[in-house]
Ligand SMILES: Nc1ncnc2c1ncn2[C@@H]1O[C@H](COP(=O)(O)OP(=O)(O)O)[C@@H](O)[C@H]1O
Ligand SMILES: [Mg+2]
């Protein structure tokens, strides 16, 4: 069997740029080279697309990101940029068998890149346009979870502009919630811009911080003394879905960016990045019935957003396991949540193979759809006079 051309897209114009590099390197290291020829395309923090070579497979490459940008020709994905290089880049993209977007956050995990990949009509790993966009929007996710009856903490949300225009009204709206609160930018990730607010006097600063990162702000009640339990869903909505074992994530209230990604002494170790804080326990020591409920909720949430490929679903579970809240879905989770799948009977490479296979299946299914509708409506089209169509 001939090898597949697989393009890994990573980096990106996002606050989680560095995390994306780590996740991509972990995947590249574990993609089976007997099955795939890998081409890296690195997107800089400024949104420049750089066609990489094999030197991009080494962590050392990323010690000086500015140097990469200076050294390699790059192209912006804009209408104006249609030079020779962009042709080169698009030729490369066009000849891919499968594209593997490994971005975290804005401009990559949020449906924008997925839209570009839809236009290219090439199979790509993971969620499509809608599910990616929904996965990034914590507020619309919550509204969907409410609609399908999944339990979650009480919350309020508002636009930054509304708050700026009428702070009193917003504060009155928030007075319906019990402290401590979590204040979050709607589209955030990796805890960037999130604050835990213990009392009202700290609320304004937290809102300012969140408003710095987003147009929409989410404020929710804190689930105090709850465990954080994660699970991953794999499959394509409409077909059979599989869930991984659950993971217990140790948390000190709010896992910071450093907690998540920096090991002690702040040196990031590629293999374990994403597991850096304390002792993650996989499988989580929870009752089988609780794990089953979490698995059911995760599948329901995945289907509700029309999830494709895989996601990680994050839950907050009370210590007595009587209350389970869904917190959020992550459509391109840190480390692709491979720790959960290697604890569920897959090798890392098999897990990545499965993601590629799901991407191809979805593409096949989509290519069977009809995008034409035969109609003779235009043949009878008359003229338009004074705004009225005469037929
Ligand atoms: N309502 C809440 N109650 C308790 N802890 C929370 C709540 N919301 C968030 N957290 C804590 O904050 C972390 C980050 O919040 P989350 O909504 O998952 O944002 P991110 O997109 O940054 O992962 C969570 O992993 C959890 O530790
Ligand atoms: Mg989270």
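Including glycine, each Cβ sits where the backbone N, Cα and C put it.
What TrEMBL says about a protein is an automatic prediction, not a curated fact.
Listed in TrEMBL:
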{"type": "ACT_SITE", "residues": "16", "note": "active site"}
{"type": "DOMAIN", "residues": "142-357", "note": "domain 'ATP-grasp'"}
{"type": "ACT_SITE", "residues": "190", "note": "active site"}
{"type": "BINDING", "residues": "314, 328", "note": "Mg(2+) 1 binding site"}
{"type": "BINDING", "residues": "328, 330", "note": "Mg(2+) 2 binding site"}
{"type": "ACT_SITE", "residues": "335", "note": "active site"}
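Positions of the features from TrEMBL, shown on the structure.
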residue: 16; record: active site; DSSP class: coil
residue: 314; record: Mg(2+) 1 binding site; DSSP class: strand
residue: 328; record: Mg(2+) 1 binding site; DSSP class: strand
residue: 335; record: active site; DSSP class: helix
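If you take every residue in the domain 'ATP-grasp' (142-357) and average the pLDDT, you get 91. Screening the recorded positions 16, 328, 330, 335 for a C-beta under 6 A from any atom of ligand 1 leaves 328. Geometry remark: residue 328 (Mg(2+) 1 binding site) versus residue 335 (active site), CA distance 17 Å. Most Cβ neighbours within 10 Å, among the recorded positions 16, 314, 328: 16 holds that distinction in the structure as shown. Spatial neighbours are here defined as Cα atoms within 10 angstroms of one another, and by that definition the neighbours of residue 314 (Mg(2+) 1 binding site) among the recorded positions 16, 330, 335 are 330. Residue 16 (active site) sits 12 Å from residue 335 (active site), counting Cα to Cα.
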